[in-house]
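Taken from TrEMBL, the feature transmembrane segment applies to 23-47, 67-85, 97-119. Residues or ranges marked as region 'Disordered' in TrEMBL: 255-278.
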Amino acid sequence: MSAPAISGGTSLFTGFTRLCKGLAVVLVAGHIVVQTLPFTVNYLALIPARTIPFAWNLITAGYIEQTIYGVVANTLCLLVMGKLLEPVWGSKEFLKFIFIVNILTSVCVFITAITLYYITTKETYLYMPVSGFQGVVSGFLVGMKQIIPDQELSVLRIKAKWFPSIMLLLSIAASFFTEESAKYLPTLVFGTYTSWIYLRYLQRKPETKLRGDPSDDFTFSSFFPDFLRPVIDPIASIFHRLLCGRTQASGEAEGYTLGGTALPGSDPIEASRRRERGARALEERLAAEKLAAARSMEELKKDAPEDNV
């Protein structure tokens, strides 16, 4: 049975959750602030040279959009993807995911900028203001890859599991042609990777008290085409042992495995159930939106003859 496509049209832009609407207001308000008071960029955006005294910009940078294109694109992505992810994760976990991915992405961008400065001695890396919600948006794509991997975007017929990879490929290609896109690339890369780390190893499931997603469909190599996976898997396993070497021993004692290697507190059956819940929640939401749209059309048709009379 093939997975239903993520439908377009009016249903895609309706049914937004209250939390997503609130976060959208934050993004728009942040953009208005930096446009009205330009000097606030120095305090709210991530500027590596000033992060030590202004450490809060590791948090605030993700919610500050400096361009109108950024605020429009990221707000739409938040609303559309948020209404698919929040019902599955729950509002608390959804907000937790945003906070963790945002701050980890900022920390990684900060470390990268400092490292590049010491390598190249170019002060541009220290004083370039970096901000925007795109790191979290890339994390949303990873979340969709995990929960509804086989759902298709009705227009392009592309499965959700390839959304993060395609986004990164296009971003890397664009960075060779425009300097502006190069500024967003580190945020997109680290947003994708840190969100995968969180969902793969750390996300707690209250109903089962387990952590992470050990399924083979959510390995690091699953972001790459099949012919590259024999090359990627050995490299990924090295980093897996470096990052999780201590916890693997306890995982082996508990009997949980991750594609042949141990992963503490995770259950492949639960990962499969989570994907089923995600697909079911998506189908129910889309069905409800289609029903609401049909009812609205019927009401308009009933009202039309009355207006003519």
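Placed from the backbone N, Cα and C atoms, the Cβ positions cover glycine too.
Long-range contacts of the transmembrane segment (23-47) within the same chain, counting only residues at least 6 positions beyond its ends with a Cβ under 8 Å from a Cβ of the stretch, are 16, 54, 57-58, 60-61, 63-66, 68, 70-71, 74-75, 78-79, 82, 98, 106, 109-110, 126-131, 133. Packing against the transmembrane segment (97-119) from elsewhere in the chain are residues 23, 46, 48, 51, 57-59, 61-63, 89, 125-126, 128, 130, 135-136, 139, 143, 186-187, 190-191, 193-195, 197-198, 203: each is 6 or more residues past its ends and has a CB under 8 Å from a CB in it.
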